[in-house]
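Student: Per TrEMBL, active site, charge relay system is recorded for Lys129, Ser204. The feature active site, acyl-ester intermediate is assigned by TrEMBL to Ser228. TrEMBL lists 75-526 with the feature domain 'Amidase'.
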Amino acid sequence: MLSTLQTPRSLSRFPLHFPSKSFLLHTSTKSLSSEPVTFASLTDQSIPTTTTLPPQSQILTIRHSLISRQVTATELVQSYLNRLRITEPQLKSFLHVSDTVLREAHELDKKINNNEEVGPLAGVLVGVKDNICTADMPSTGGSRILEGYRPAFDATAVRKIKELGGIVVGKTNLDEFGMGSTTESSAFQVTANPWDVSRVPGGSSGGSAAAVSARQCVVSLGSDTGGSVRQPASFCGVVGLKPTYGRVSRFGLMAYASSLDVIGCFGSSVADAGILLHAISGHDRLDATTSKQDVPDFASQLVSTNSSESKPLKGLRVGLIRETVDNGVDTGVISTIRAAASHLEELGCFVTEVTLPSFSLGLPAYYIIASSESSSNLSRYDGVRYGNQAVTDDLNSLYGDSRANGFGSEVKMRVLMGTYALSAGYYDAYYKRAQQVRTIIRDSFKAALDQNDILISPASPSPAYKIGEKKNDPLAMYAGDIMTVNVNLAGLPALVIPCGFVEGGPAGLPVGLQMISAAYDEGKLLKVGHIFEQTLENYKFVPPLIADDIITSK
């Protein structure tokens, strides 16, 4: 199925010694790889530290290692838990870590020892954003109003991961109910960026991005309403994938803005993001907005870059959105994105600048629509239907106090803005007009994608900034979403891959390149992104926090 992918590289430098056995299990999927996998120990000095190798699929590495008996699931899981325990005090990526991870690993080892079938995600540790419901651990949405809440069910995406053998390692931190761009509005803690712990990881899925960046888990789930997967992916130097609206079920995702919300994927390689997307995609009778379109095997479409073809993307039409490399964007970001565009040209792409006249209209339209929908969706958290209940003498005070004590300031502000925009006398001026702008944006993207195969832009106008820098300036924080919100308004898929660095922090700050395609064309994004990352030289996107712990080797 994935024979075109390059040999997986090692995933850990923990000094574990694994038996070398060639016995393969009968599995429920086709063979994922026939190449040997090497695990380097902490004392291995045979690999030069200056070598920079392209990122490879950690999912495939793990699967091959398990089925060839090079490593046990218990040893693998323990190595990740060790790293999580060491890095978590500085990062605070997780709100809850599962206490059943090792038990699940033991059960997997038993299946392997008994030659039973194991799923394609067997042994893969998955972080889940805490606004995605999990039946066996808390799901708070990053809010005090849901502190201690344990759902009675798994979200469809989580259920599918478990059915395929994935192990949910824990629930990751987020901006409260997904409202924010820094993860600072979490009611419980502030997550730090693994590249510089004095900086934000982005948001709202900052915990999920930081966890993958620091290799605390293999892959993770986030949610993207206006860029909440793609901007943290850029800030943390990982791959972030926002699927087409309707590709992945939203059942079990705490609703923020229902016409914009999607569940997305984080990985350390494009292949891993594609494998995870394939696992969670598909029609769901519990979500009427999911598409019945067939879900392609994304990973099987990823071509090898070992071939002699010097221009593997020859003829691909790429449009660089002019408005995204203009005034107001960090000069280092612009230089890095233009260098990425040049790299695409070297791969055979025909790159031109395109203009989207409606681009600047997206930000105000997005915040009106998202705030309006949140004001409706969050009305359920009243202390009666959902949420922790305040102790009062009358019903009105119960509603008011439960929400006043349970919601943070950012959520309250957006609910107030949304309620105002929907109120009598203002509906036509704000919400109706924003929806009209949304149609214009959708049409402008369609026109641009009729002339181009993909569009590219930065994922954010700046690299990660300091914790607290924009906390008291919400308009400045909102402006940072300018690169991403239009994609949500149009319902299109987008992929963010790390493409370079700008100055800052102990080892530079990563910059992400955003690729956008037509609806349900995630396969094209993954193919282009895979070739891009495999041919990008002299960059290693491993944060300094764990650089001494990771060796990249074939």
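Each residue, glycine too, has its Cβ placed from N, Cα and C.
TrEMBL annotations: computationally assigned, not manually curated.
Looking at the shown structure, what environment does each listed feature sit in?
Tutor: Cβ contacts within 10 Å of Lys129 (active site, charge relay system), excluding its own Cβ and spanning all protein chains shown: 33.
Long-range C-beta contacts of Ser204 (active site, charge relay system), restricted to its own chain and to partners at least six residues apart, with a cutoff below 8 Å, comprise Gly142, Leu174, Asp175, Gly178, Met179, Gly180, Ser181, Thr183, Ser185, Gly222, Ser223, Thr225, Ser228, Pro232.
Within 10 Å of the C-beta of Ser228 (active site, acyl-ester intermediate) there are 36 other C-beta atoms, taking all protein chains into account.
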